[in-house]
Amino acid sequence: MLSRVSFFAGFVLSAALFARADVTPSEPGPGSVYNAGSTCTVSWEGDPDSTTAWKDMSIQLMTGDNFNMIHLTTIASEQDGTVDGRFNYPCPEVTPYSAIYFYQFTAAGAPDKTWTTRFTIASPTGQTVPPPNAAQPGTNDPIPWGTGALADPSTANPPPTAGPAATGANTTRSTTSTSTSTANATTSGLSRTSTGTNAPTATRNTTAAASQTAESGALATVGHNIVLGSVLAIASSLLAVSL
């Protein structure tokens, strides 16, 4: 009996050790505002569990609701998502100027996507309009959203040709859970651990999927941590019983 319990506990602990993490977007966060023509900043915490999966990472500017994400342009490619990083680029002219934009992170070797929280792109002089929709379609989650566009679509870069689909409509991860992590529900978004007035959320606590919203704020591995904690608790209980 002891050997079986010990073997099972060892198996559970081994499974926990092999649990996979992902890139965790950290900026922009809830309430971030960038003026068109100024510098937009994107930053992330690297995936500590892999030296390959997120090695060739792309970052896309997105818009839309949590279930129908729309690619606007790819702002960066060939980024190393296995380490912490930051990327700066000129904020594009968009329409409307509102808190309805977010970033999506993908890599050919990673089966999941992560997101930042929704953030605002304002006019060059700082003008904005409120998001046209106060709640997510179907769920009525109080996460404002809208559908934006580049002022000059001809400047758009296409989505990555490898890895998860560009739109992310059917993904199973979001960067931050909209209901738990931001200052208030109206600021939640898609980020991996972020949730905010900006759609996605991003934190290394992934909550179920784009459909469950995540960092905006964005868009993080909550599920990973919950599973890991549960697995370790079970293993500890079994070892205690065996003793």
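Any Cβ shown, glycine's included, is placed from N, Cα and C.
Marked as signal peptide by TrEMBL: 1-21. The domain 'Yeast cell wall synthesis Kre9/Knh1-like N-terminal' annotation in TrEMBL covers 28-121. Here TrEMBL flags 123-210 as region 'Disordered'. Residues annotated as compositional bias 'Low complexity' in TrEMBL: 163-210.
Predicted-model confidence for the domain 'Yeast cell wall synthesis Kre9/Knh1-like N-terminal' (28-121) is 95, expressed as mean pLDDT.
Broken down with DSSP, the domain 'Yeast cell wall synthesis Kre9/Knh1-like N-terminal' (28-121) shows 0 helix, 49 strand, 45 coil.
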